[in-house]
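Reviewing the structure listed below.
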Protein chains: 2
Amino acid sequence: MDEFSFIDSIRPSYYKQPSLVKGIGDDAAVFRPSGQDVVTAVDTMVEGVHFSRKTMSPFYMGYRALAANLSDLSAMGSTPAFYLVSIVVPEEWEQEELNELYTGMKSLADEYSVDLIGGDTVSGDQLSISVTVFGYVDRGKSRYRSSAKPDDIVFVTGTLGDSRAGLEILLNDLSIDSKEAAFFIERHRRPVPRVDFAQSLLSIERVTLNDVSDGIASEAHEIAEASQVDLHLTMEDVPFTDFIKKWFNKSYKEWMLSGGEDFELIGTVAGEDWNVVEEAAKECGISITKIGTVKEMAHEQPEVYIYENNEKKKLMKSGYTHLKRGE
Amino acid sequence: MDEFSFIDSIRPSYYKQPSLVKGIGDDAAVFRPSGQDVVTAVDTMVEGVHFSRKTMSPFYMGYRALAANLSDLSAMGSTPAFYLVSIVVPEEWEQEELNELYTGMKSLADEYSVDLIGGDTVSGDQLSISVTVFGYVDRGKSRYRSSAKPDDIVFVTGTLGDSRAGLEILLNDLSIDSKEAAFFIERHRRPVPRVDFAQSLLSIERVTLNDVSDGIASEAHEIAEASQVDLHLTMEDVPFTDFIKKWFNKSYKEWMLSGGEDFELIGTVAGEDWNVVEEAAKECGISITKIGTVKEMAHEQPEVYIYENNEKKKLMKSGYTHLKRGE
């Protein structure tokens, strides 16, 4: 593959971001921030590890790789602006498939006027997509995991476990002749990063955000550890789609806690700002649910607890729970 | 591998760049440019394609991956500040080797006070290192390939073909009991990106820079195409290490043109600024050589010509030359 000519062939005729100075076509890209902070993250997905041909066409591989990255920017309260793509492509891949992968990314990028500003396409044995994203955020307005405080409300956007349900349907060739199956598959292949919602929280001074890539059990622990607090969640409040119970009665609870890849946002906010969060969700057309409370650390280590049937359990990072006797 | 704990385990205790707001440990990193432009590039190296265990230990794999990226920043006239690393690691890799790879990167990063601010470590079949770098450059001072003008001097730093010679020695187990072989091997494994040199050209209004990753034949074409000019080079002026001739008499000329990976800089500058370029090289302790001249396009397409024994030849991107009869 001629690396130069490929990246050149997908160079857009114009860029949407006014702060871009130089896009694809030199040794590096150049942009000019105007007083805002720059937020950046990288995320790599490998075929056979993070996805497979059975579950994703090249279009969705591309879409999802960028979605995971935009989700990270959302979790920082940042507005996405640019992305770089580095792909390792096996020989058997056709040019057409590679184009489709980039088209998948572009379909999402265009929704937020995010520009592809460079990248690298190299040969290898196993497909791997590495996306670096860049966003802007007002100075001091980045949303850290470390900002949770006792008495904060813990909330989560959307519903959980859907992506994992979609994966199950795809892996096991379960009936996809239903609207419900199609919903789960769409949630798996084409998650919507909560970019708009994160931006509409701008008026709030302090809000903690973390995106649900590994499952809320893991993300809740990240918040607890970074903020040195305990999180107390209520299982009955964790939001799910009605029909996930019908399809996957045995697994749906586990998936809600640790299925991951829903790319929703879990966060915490002071009680007096809760109405702003609710209003923001409403404006963005997504649901928002209060699932718990932040408390001071009861012990030396930050912990996440989950209440189910009025029983208090410790929630492990993995999503596994066990009873907390005598506490 | 526990992805979170690995990146966390290499989180530095402090960062050197004052403009960093948030490093490793959240959904993304945050930095605060102060009026300068931001320059960014990504580069991916795959084991078995770009390097092998035979030629590189994990330390050098890391070093070289970052060096290639800093070289891109140099070619933009930019001062490096941060990097993100995304690695696909095969199961058989030991933790110790992965640490060594990061140590290799850090050894170079520390020379320029460049901070590791995030990344991703995922499992896969084939080792692949994807580095994204960030640098600053004064507004409007980025050095583009498109800025070459007729009558410019074409120059190159250092000597060419050394990295390719080092590779040859490593691949074929040629004697490494000599200082000369060690020199070539060092040039292959531990190239020095021309960061300092590129920065000391700041007083010049216009200078074209491109880094020698694929060989000057290819890079000269990139300048010619981006600037819509012809480049006229003189083979006898292309700089090489004395003893490369002795070791590789049959190949060294080809390697000087297309061996690549020397990570020197090729550039063009107006004659009146040539003394500044010479002075900058002297200050940085590197050699600089005038190897040709920029001319207006003689035909419809930009071309690169090379003169050898007073004969004018067309220089192909690949480094291949052929006689230009009747011109």
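Residue positions begin at 1 at the first shown residue.
Positions of Cβ are set from backbone N, Cα and C atoms, glycine also.
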Notebook entry, point to check: Say TrEMBL lists B:His50, B:Tyr320 as binding substrate: which of B:Glu111, B:Glu225, B:Glu236, B:Glu261 is in the same site, per that record?
Noted result: B:Glu261
Next item on the list: Please pick, from B:Tyr63, B:Tyr102, B:Tyr252, the residue that TrEMBL records in the ATP site together with B:Gly119, B:Asp120, B:Arg145, B:Ser213.
Entry: B:Tyr102
Notebook entry, point to check: Can you pick which of B:Asp211, B:Asp214, B:Asp230, B:Asp237 TrEMBL lists for the same Mg(2+) 3 site as B:Asp27, B:Asp72?
Noted result: B:Asp211
Margin query: Over all pairs within B:His50, B:Glu261, B:Tyr320, the annotated substrate binders, what is the largest Cα to Cα distance, rounded to whole Å?
Written below: 22
Next item on the list: Kindly state the mean pLDDT of the domain 'PurM-like C-terminal' (B:149-300) in the predicted structure.
Entry: 95
Next item on the list: Would you count the other C-beta atoms found within 10 angstroms of the C-beta of B:Glu261 (substrate binding site) for me?
Entry: 23
Next item on the list: Using all protein chains in view, find how many other C-beta atoms are within 10 Å of the C-beta of B:Asp214 (Mg(2+) 5 binding site).
Entry: 20
Margin query: Distance check, please: Cα of B:Ser213 (ATP binding site) against Cα of B:Asp120 (Mg(2+) 1 binding site), rounded to an integer number of angstrom.
Written below: 25
Margin query: Take the binding-site residues B:Asp72, B:Gly119, B:Asp120, B:Asp211, B:Ser213 and keep those with a Cβ under 8 Å from any chain A Cβ; what remains?
Written below: B:Asp72, B:Gly119, B:Asp120, B:Asp211
Notebook entry, point to check: For the domain 'PurM-like N-terminal' (B:25-137), what are the DSSP-based totals of helix, strand and coil residues?
Noted result: 34 helix, 45 strand, 34 coil
